[in-house]
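Annotated in TrEMBL:
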{"type": "TRANSMEM", "residues": "37-54", "note": "transmembrane segment"}
{"type": "TRANSMEM", "residues": "81-101", "note": "transmembrane segment"}
{"type": "TRANSMEM", "residues": "122-143", "note": "transmembrane segment"}
{"type": "TRANSMEM", "residues": "149-170", "note": "transmembrane segment"}
{"type": "TRANSMEM", "residues": "182-208", "note": "transmembrane segment"}
{"type": "TRANSMEM", "residues": "214-232", "note": "transmembrane segment"}
{"type": "TRANSMEM", "residues": "244-264", "note": "transmembrane segment"}
{"type": "TRANSMEM", "residues": "284-305", "note": "transmembrane segment"}
{"type": "TRANSMEM", "residues": "326-350", "note": "transmembrane segment"}
{"type": "TRANSMEM", "residues": "376-394", "note": "transmembrane segment"}
Amino acid sequence: MESGLGSNNRNERQWVFKDDSWFSQFRNGSNPWMARYVYALIFLVSNLLAWGVRDYGRNAFPEMEKLKNCQGGRGCLGAEGVLRVSFGCFAFYFIMFLSSAGNPRMYNCRDSWHSGWWSAKIGLWIAVTVTSFLIPTFVIQIYGEIAHFGAGVFLLVQLVSVISFITWLNDCCQSDKNAERCHIHVMLIATVAYIICIIGIIMMYIWYAPEPSCLLNIFFITWTLVLLQLMTSVSLHPKINSGFLTPGLMGLYVVFICWCAIRSEPAGESCNRKAEASNKTDWLTIISFVVALLSMVIATFSTGIDSQCFQLQFRKKEARAEDAVPYGYGFFHFVFATGAMYFAMLLIGWNTHHTIKKWTIDVGWTSTWVRIVNEWLAVCVYLWMLVAPVILRWRQTTSEAA
């Protein structure tokens, strides 16, 4: 009898899930897919609040200077203000992580908490954000140091997610079902990717290495070219034979990271003429800032729903239960929690004592080296994902022969 009632309730909720308007789904908390966008919107508002506190805090929030822990505004505005907003955002998503992690099924209390109860959760987010401005300064400073590590974890998760998507796309195109149909498309995409990579590298030489004395930029760009060649050579090795698509797309990724790294160099550097040209705040600087901010939110969002990239292969082959959650709730909130640390590092240039210019994001030598190390790590992870199956097969063959 109870199972029959449960089945009826489930069917009713599925009907709401499919047929109701988005507003009704928001009010009833019946759609975990729609919930992702609400969490992303909360994350975006936190980003905007952190930027506002950093750039316009003294004019927009003069009452903060009266708070005991703000030390005349110095402890709640600027870089430390960014950390306080980040701490509130991190606390909200970490609470959501603790309350929803490990939930494998829909239509239970934790699923309802994740997908609904928006009034309570928005109130919780506001409460932890306000509380973050009442916390002593030394706690925020400790959080700032921890945020360096958390932001690194976010970059690693994002990196694995991107590489997993690229390898998944390549496997789909090389499967027996799609090999003949996708052959021309794969060659076209790979060719375009390599052309863009070469053009990007040439443009970086022109823009960021105009003189022989720009040794560091020349090294960054040349090493990126070497890594592109290395990825292509390993991918085309007879024992791996992954084709041109994955190294081409990975080449786009590492060239983009290298470009971001060099753009993060301080504007005073003579080799970074593009930074000198954009030293004045104009519409192009503002658009670049807005695009960078939205890109960070989109990257966090897309990484958060990709929990499959960290599951083992044999688990991916298991049949999916009818009432299984559409994505890992715990992983989703974990990515947003580390993303809160990441956006703080971008807004303060990875330096808790750094004064950053208005309408800028991720600027400074620390930001540059973080990007460069991220590029090199991406290539290492990609090469390992190519070589690991070969090593595993070799070990299995050796053990069987013994």
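Glycine is treated like the rest: Cβ placed from N, Cα and C.
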Range from 122-143, 149-170, 244-264, 326-350 with most C-beta pairs under 8 A to the transmembrane segment (81-101): 326-350
Sequence-remote partners of the transmembrane segment (244-264) [C-beta within less than 8 Å, at least six residues beyond its ends]: 162-163, 166-167, 169-170, 173, 186-187, 189-191, 193-194, 196-197, 200-201, 204, 208, 217, 220-221, 224, 227-228, 231-232, 234-236, 272, 274-275, 349, 362-364, 367-369, 371-372, 374-375, 378-379, 382, 386
Proximity verdict for the transmembrane segment (149-170) and the transmembrane segment (214-232), three or more C-beta pairs under 8 Å: no
Region pair the transmembrane segment (214-232) / the transmembrane segment (122-143), three or more CB pairs under 8 Å: no
Seg_contact(the transmembrane segment (326-350), the transmembrane segment (122-143)) with at least 3 CB pairs under 8 angstroms, min sep 6: no
Close approaches to the transmembrane segment (37-54) from elsewhere in its chain (Cβ under 8 angstroms; 6 or more beyond its ends): 26, 60-61, 76-79, 81-82, 84-86, 88-89, 92-93, 96, 118, 122, 125, 129, 293-294, 296-297, 300-301, 332-333, 336, 339-340, 343-344, 347-348, 356
Chain residues in Cβ proximity to the transmembrane segment (182-208) (below 8 Å; excluding those fewer than six residues from its ends, i.e. six or more beyond): 172-173, 214, 217-218, 221, 224-225, 228, 243-245, 248-249, 251-252, 255-256, 258-259, 262, 271-274
